[in-house]
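S.K.: First the structure, then my questions, so here it is.
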Amino acid sequence: LHTPMYFFLSNLSLVDICFTSTTIPKMLVNIQTQSKVITYEGCITQMYFYTLFVVLDNFILTVMAYDRFVAICHPLHYMVIMNPRLCGLLVLLSWIMSVLISLLHSLMVLRLSFCSDLEIPHFFCELNQVIQLACSDTFLNNIMLYFIIVLLGGGPLVGILYSYSKIVSCICAIPSAQGKYKAFSTCASHLSVVSLFYGTSLGVYLSSAASQNAHSSATASVMYTVATPMLNPFIYSLRN
């Protein structure tokens with residue numbers, strides 16, 4: 001349990017717990033009290049932590065892909081390359097970058113002016129939905145939002161795909177079928193979680209871009225804010 005894979009997995013579990021804790025408790029309170037009111041300060045706080053943990057989830061999954069790449073493509077040097085110092089540094093950098101990106105978005109939303117008694121067509125304060133309700137000019141916010149989405153969505157995804165292209169080529173070079181199965185089984189769980197995370201996230205944003213139906217967008221968001229973090233422990237438990 002002290003191998004790098006479980007170190008990253010424990011961080012992923014922590015991030016998933018924090019991720020769901022930013023939206024689900026408030027949603028349950030709304031259902032119980034039949035009141036959907038949230039204060040301006042509460043909305044900004046929820047949006048900050050939601051953005052923080054989504055970005056962090058993205059970074060942790062990328063780091064785990066690199067860990068699997070080293071484990072399968074460079075097995076003899078694995079413990080030398082993935083030493084405790086490097087693992088801690090990768091997680092620390094992920095936290096720092098996530099905090100800074102989330103803080104930047106929150107500060108840019110704070111500069112916007114809003115009309116009173118706004119209704120967000122969602123079950124939580126999502127960054128994109130909040131920006132759309134602003135009464136002032138949101139051009140700079142939208143440019144920054146799409147830039148960060150392309151940078152953080154494309155960059156880590158390219159890194160994950162590159163890692164798995166190298167992993168697949170290494171697995172294909174293994175002569176025995178048992179060896180191939182053993183190598184693939186070590187990264188099957190991570191691949192499943194990555195597919196769930198990116199599949200549901202991209203599905204939400206592509207569907208919201210194609211359709212302006214707020215209800216369908218909110219329903220689709222449940223997949224990556226509730227379903228994906230809930231399924232992650234099952235996926236890794238079944239592997240173990």
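Placed from the backbone N, Cα and C atoms, the Cβ positions cover glycine too.
Unlike curated entries, TrEMBL annotations are predicted automatically.
Below, the features straight out of TrEMBL:
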- 1-236: domain 'G-protein coupled receptors family 1 profile' (DOMAIN)
- 47-66: transmembrane segment (TRANSMEM)
- 86-108: transmembrane segment (TRANSMEM)
- 143-162: transmembrane segment (TRANSMEM)
- 183-206: transmembrane segment (TRANSMEM)
- 218-238: transmembrane segment (TRANSMEM)
S.K.: So what's near the transmembrane segment (143-162) in sequence-distant terms, Cβ-Cβ under 8 Å and 6+ beyond its ends?
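M.R.: Residues packing against the transmembrane segment (143-162) from afar: 55, 58-59, 61-62, 65-66, 101, 104-105, 108, 127-128, 131, 194, 198, 201-202, 205.
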S.K.: Mind checking which residues of the chain, 6+ beyond the ends of the transmembrane segment (86-108), have their Cβ under 8 Å from one of its Cβ atoms?
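M.R.: For the transmembrane segment (86-108), the far contacts come to 4, 7-8, 11, 44, 47-49, 51-53, 55-56, 59-60, 63, 66, 127, 140-141, 144-145, 148, 152.
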